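To start, the structure itself, in structure tokens.
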Amino acid sequence: MTHGIHGEKRWYALIVLCLGVLMIVLDSTIVNVALPSISTDLHFTETALVWVVNAYLLTFGGCLLLGGRLGDLYGQRRMFLAGLVVFTLACGLAQSQAMLIAARAVQGLGGAVVSAVSLSLIMNLFTEPGERARAMGVYGFVCAGGGSIGVLLGGLLTSSLSWHWIFLVNLPIGIAVYAMCVALLPRMRAPAGTARLDIAGAVTVTASLMLAVYGIVGGNEAGWLSMQTVVLIGAAVVLLALFIAIEARAAHPLMPLTLFAARNVALANVIGVLWAAAMFAWFFLSALYMQRVLGYAPLQVGLAFLPANLIMAAFSLGLSARIVMRFGIRGPIAAGLLIAACGLALFSRAPVDGGFVWHVLPGMTLLGIGAGIAFNPVLLAAMSDVDPADSGLASGIVNTAFMMGGALGLAVLASLAAAHTDALAAAQAAPLDALNGGYHAAFAFGAAFAAAAALIGLALRIRPQNGVEGVGPAMH
């Protein structure tokens, strides 16, 4: 039960929570733009430079599930604020390679906690179905559209100031968000019961996820059948199996396996994996197509995503909630993902001499519509049938599904694109034709991922079973 927060104050709290989430989402792309400047300033080798990204991904991906559960056990408000502090500190002051990589790892830990806990906080603040759908639409837009904003912001900060500012800008924003959260988020009574943190489960699942992320992000360079990749992925699978065995016997499991007995929860996470793979294909591969094939500058690439972001905003901030209230979650998920698949299919036919209006904008438009329609109901499907006491865990699981699906999808599709490009080059294709042909193959597979997710969406219940029941006790 909520205390001390009613009416408009909840919507102000939502805005503040989404600002915290936006900081995390921006970081996924803003750093990539600044990598060349970081490399020059701190004298990174190409091999060492990837750890500026990988150090963050390892702790972020590995700690999402644990971060969500910590919110359930020790208070979602408390953990959100702690994660925000950790994320905000350190990186902008790094003056050496080791300092920056270590700071990025710590930043990933804070980002994981903020991402996992914020969604459960929103679910617990808004329990009336219509309000919850609108609130989730706002959250969905921030998650889906924030990445392309990072491309623009990263380019502006790096070119006009220095790469340090892509991290330093977090400091005033983080302080402001922290202060507003303290003022707006209510203190709740401590979680009921005597549940304790499942240490064995936490260690095994976190280690499993970290090894999986490391194996996936390094798979392209090391080779998917290399000893390094096989050992890492194999160890991750073994630890995951051990984690499941521990959870089946634990008195207070980190992740109760009964959570997946709810059909919508299980299917929504499968959809999340497939859709994240498709969306990463859109965001990263279309950016590469525009830069390397069409010759766009980074700022032009960011502007090319603007129509899709505006369309996503229109759906996520209003239309999506009305669609969900009218048709439930099953139809919008299937329709939205199918529309997104069509957008990726259009990119799979984009020519070397393509123009923005005829060959970029149509795909961007369909992807913006599809993402705007589907993101909100996917989150509702993953969260609404979960007991309020497990809402943080459910948030951590769905965030992990999106993160792992995106990482695996991007790695696989990038490998596919590279292999197809090499095959075309060996067949004497022109360099740009070979490069574009590789992107075509990856876009086609991305479209297949989105279409598969749409088909799975048809198996969901039309409406969540538990979409209007109580709020969590863990916001303390």
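Cβ atoms are placed via backbone N, Cα and C, with glycine included.
Any TrEMBL annotation is an automated prediction that lacks curation.
Computed from a predicted structure; not experimentally measured.
Sequence annotations record features per position, and here TrEMBL assigns domain 'Major facilitator superfamily (MFS) profile' to 13-465. Mean pLDDT of the predicted structure over the domain 'Major facilitator superfamily (MFS) profile' (13-465): 83.
As annotated by TrEMBL, transmembrane segment applies to 12-35 (among others). Listed by sequence, the residues of this chain that lie at least six past the ends of the transmembrane segment (12-35) yet keep a Cβ under 8 A from its Cβ atoms are 5, 49, 52-53, 56, 80, 84, 87-88, 107, 111, 114-115, 118, 121-122, 125-126, 135, 138-139, 142-143, 146-151, 153-155, 157-158, 163, 166, 170, 173-174, 176-177, 180-181, 184-185, 298.
For 47-67 (among others), the entry in TrEMBL reads transmembrane segment.
If you look up TrEMBL, you'll see 79-102 (among others) marked as transmembrane segment.
Sequence-distant contacts of the transmembrane segment (108-126) (same chain, six or more residues past either end, CB-CB distance under 8 Å): 2, 5, 10, 13-14, 17-18, 20-21, 23-24, 27, 55-68, 70-72, 76-77, 79-80, 82-88, 132, 134-136, 139, 185, 379, 383-384, 388, 391-392, 394-396, 398-399, 471-472, 474-475. What TrEMBL records for 108-126 (among others) is transmembrane segment.
According to TrEMBL, the transmembrane segment annotation covers 138-157 (among others).
Summarising the annotation, TrEMBL assigns transmembrane segment to 163-185 (among others).
According to TrEMBL, the feature transmembrane segment maps to 197-217 (among others). Tertiary proximity for the transmembrane segment (197-217) is limited to same-chain residues at least six positions away from its ends with a CB under 8 Å from its CB atoms, namely 50, 53-54, 57-59, 61-66, 69-70, 73, 228-229, 232-233, 235-237, 239-240, 242-243, 246-247, 250, 252-255, 400, 404, 407-408, 411.
Positions annotated as transmembrane segment by TrEMBL: 266-289 (among others).
The transmembrane segment annotation in TrEMBL covers 301-321 (among others).
Panel annotation: around the transmembrane segment (333-350), residues 271, 275, 278-279, 281-282, 285-286, 289, 359-360, 362-367, 369-375, 377-378, 381, 436, 439-441, 443-444, 446-448, 450-451, 453-455, 457-458, 460 of the same chain, lying at least six beyond its termini, place a Cβ under 8 Å from a Cβ of the stretch. Residues or ranges marked as transmembrane segment in TrEMBL: 333-350 (among others).
Feature annotation from TrEMBL assigns transmembrane segment to 356-381 (among others). Taking Cβ pairs closer than 8 Å, the transmembrane segment (356-381) reaches residues 119, 132-133, 136-137, 139-141, 143-144, 264-265, 267-268, 271-272, 275, 279, 282, 286, 290, 294, 304-305, 307-316, 319-321, 323-324, 328-330, 332-333, 335-344, 346-347, 350, 398, 450, 457, 460, 464, 467 in its own chain, all 6 or more past its ends.
Nonlocal intrachain contacts for the transmembrane segment (393-419), taken as residues 6+ away from its ends with a CB within less than 8 angstroms of a stretch CB, comprise 57, 60-61, 64-69, 71-72, 112, 115-120, 123, 209, 212-213, 216-217, 219-220, 224, 254-256, 259, 265, 268-270, 272-281, 284-285, 379, 382-383, 386, 438-439, 441-442, 445-446, 449. Feature annotation from TrEMBL assigns transmembrane segment to 393-419 (among others).
Non-local neighbours of the transmembrane segment (301-321) in the same chain are 130, 133-134, 136-138, 140-141, 144-145, 148-149, 151-152, 155, 283, 287, 290-291, 332, 356, 360-361, 364-365, 367-369, 371-373, 375-377; each lies 6+ residues outside the stretch with a CB under 8 Å from one of its CB atoms. Sequence-distant neighbours of the transmembrane segment (266-289) (same chain, 6+ residues past either end, Cβ-Cβ under 8 Å): 144, 147-148, 151, 260, 301, 305, 333, 337, 340-341, 343-344, 347, 350, 360, 363-364, 367, 371, 374, 378-379, 381-382, 397-398, 401-410, 412-414, 417, 436, 439, 442-443, 445-447, 449-450, 452-453, 456-457, 459-460.
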